[in-house]
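Trainee: Structure incoming, see below.
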Amino acid sequence: MTKYIFVTGGVVSSLGKGISASSLGRLLKNRGLKVTMQKFDPYINIDPGTMNPYQHGEVYVTDDGTEADLDLGHYERIVDVRTSKYSNVTTGKIYQEVLDKERRGDYHGATVQVIPHITDMIKKKIMRAALTTDSDVIISEIGGTVGDIESTPFMEAIRQMRREVGEENVMYIHCTLVPYLHAAHEMKTKPTQHSVAELRSIGIQPNMLVLRAEKPIAQELKNKISTFTDVPVDRIIESIDAPSLFDLPLAFQAQGMDQKVCDFLHLESPKPEADMEAWKKLDERAKNLKNETTITLVGKYVELEDAYISVTDALQHAGYLYDTKIKVNKVQAEDITEDNIAEIMKDSDGLIVPGGFGTRGLEGMITSIKYAREHDIPFLGICLGMQMASVEFARNVLGLKDANSAEANPDTKNNIIDIMADKRDEENIGGTLRLGLYPATLKKGTKTREAYDDQDVIQERHRHRYEFNNEYREAFEKAGMVFSGVSPDNHLVEIIEIPNKKFFIAAQYHPEFLSRPQRPEGLFKAFIGAASGLPAQHFN
């Protein structure tokens with residue numbers, strides 16, 4: 001029987017529910033259990049695909065092409081699992097499916113209501129995740145905080161789950177904040193008490209608390225919280241601010257969190273405890289890096305940390321392999337000119353231009369790529385970065401001064417990057433991209449193929465509607481550009497590289513989505529190797 005763990009939050013948002021859920025997931029996985037992660041987002045958008053990155057952060061893409069919340073990236077990187085369309089559910093998706101059923105007459109004339117129709121659909125999504133993965137444990141994070149109007153249907157649905165699958169198969173974990181008042185030199189438990197009271201008022205009694213705090217919480221305060229919340233004191237877990245993300249699973253294990261979860265759910269794991277030795281080595285390496293490598297990231301959304309979180313994490317993963325800390329210098333593409341690019345790049349060991357949409361900042365990207373190419377600075381382009389690298393090469397090597405992307409200038413004579421043929425007649429923006437995992441065939445004797453350990457074919461995740469215009473392939477190849485990765489039918493250019501440079505590779509796909517702390521993705525690994533000039537130093 002699948003066990004269901006529901007992770008909720010209170011007091012404030014951004015408590016780290018996703019990291020806490022992922023850390024528990026990692027511990028359970030390392031005990032030999034099959035774990036599936038799931039996120040419920042209470043916004044009415046169908047998915048975050050059309051949302052402004054400044055509001056929502058990065059859009060994460062799964063193997064099956066789901067545009068999802070960035071928390072799925074945390075799940076995949078920390079737990080080391082693959083997520084799917086069943087892993088991210090929004091209010092918009094729920095209402096869309098319910099209304100579609102109503103239009104088809106599936107409800108046979110019944111009045112469609114939040115209870116039972118919306119809550120039943122939410123429960124169906126939870127159950128479907130279990131059925132399609134055959135998991136031992138489903139960990140579902142409920143977005144927002146308890147008491148939010150938007151989250152109410154989700155809270156009601158998970159309350160009902162306890163009755164439907166049996167109380168021995170459901171556990172509620174509530175994450176709260178225990179603030180420290182510096183003026184009074186004391187920690188306050190009242191916000192946690194009120195948050196749990198709010199949760200209990202809707203019929204959910206938490207079985208475990210995760211307390212976010214600046215510093216360790218005194219035992220007497222834990223006893224007080226236990227008294228007011230009816231949560232046994234041994235199931236009150238601390239989540240103390242830590243210098244490294246990798247500390248949290250180890251801190252949870254030290255407090256016996258995974259064992260307490262297994263005991264509560266009567267869950268027998270194949271291993272008596274989580275084997276975290278490799279994780280400890282990773283944590284030790286991450287805290288004691290001996291070198292530093294500076295990478296300039298030129299992008300459109302650099303003011304928001306979360307906008308490129310998978311990219312910056314992937315850079316760090318590669319850094320661990322080379323025992324080097326990656327210092328990421330983020331630069332707004334719009335601010336770059338021919339006059340200041342030398343100053344911007346003077347201390348950089350490498351340049352990365354990640355994905356994005358729209359016309360803003362494109363000329364700044366092109367200027368930075370030109371500088372990297374001409375000065376042989378290692379360069380990695382991703383999605384839009386690959387497209388702008390192609391435009392830069394056309395302008396400054398082929399001499400096609402009006403070369404551009406059809407996205408930036410549909411009327412240009414030399415549209416090096418054109419909209420994909422099957423996307424030309426699309427009127428909607430959302431859900432109309434080339435999304436998900438697709439294969440690419442790698443050319444022998446290239447740096448790209450070497451980066452992927454001489455594999456013939458790789459599978460990578462995509463999110464784009466524009467592609468390299470094949471009419472220019474021959475001219476590019478004659479000028480020295482190599483198409484080192486293409487689709488199996490040779491129609492779509494996936495990867496370009498300039499072989500006589502130290503490292504100049506750009507990919508149409510998003511390699512950052514498949515990077516893991518203990519397994520850096522191939523292009524990132526090769527890029528940081530070239531930028532740092534250091535030998536790989538394996539620690540696992």
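Each position is counted from 1, following the chain as shown.
Keep in mind that glycine also has a Cβ here, set from the backbone N, Cα and C atoms.
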Trainee: The L-glutamine site in Swiss-Prot lists Tyr54, Gly356, Leu384, Gly385, Met386, Gln387, Arg465. Which one of Glu76, Glu334, Glu407 belongs there according to the record?
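Mentor: The record-listed residue among the candidates is Glu407.
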Trainee: To which of Asp64, Asp69, Asp71, Asp80 does Swiss-Prot also attribute binding of ATP at the site defined by Ser14, Leu15, Gly16, Lys17, Gly18, Ile19?
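Mentor: For the ATP site that includes Ser14, Leu15, Gly16, Lys17, Gly18, Ile19, Swiss-Prot also lists Asp71.
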Trainee: If one looks at the chain holding Lys188 (UTP binding site), which residues at least 6 apart in sequence have a CB under 8 angstroms from its CB?
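Mentor: Set apart from Lys188 (UTP binding site) by at least 6 residues yet with Cβ under 8 Å, we have Val178, Pro179, Tyr180, Leu181.
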Trainee: Please report the distance from the Cα of Tyr54 (L-glutamine binding site) to the Cα of Glu141 (Mg(2+) binding site), rounded to the nearest angstrom.
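Mentor: Spelling it out, the Cα of Tyr54 (L-glutamine binding site) and the Cα of Glu141 (Mg(2+) binding site) are 22 Å apart.
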Trainee: Looking only at Tyr54, Gly356, Leu384, Gly385, Met386, Gln387, Glu407, Arg465, which the record lists for L-glutamine, tell me the maximum pairwise CA distance in angstrom.
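Mentor: Max span of the L-glutamine binding residues, Cα based, is 23 Å.
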Trainee: How many Å separate the Cα atoms of Gly18 (ATP binding site) and Gly356 (L-glutamine binding site)?
Mentor: 25
Trainee: Go through Lys17, Lys190, Lys224, Arg465, His510, the listed recorded positions, and name the one with the sparsest Cβ surroundings, counting other Cβ atoms within 10 Å.
Mentor: Lys190
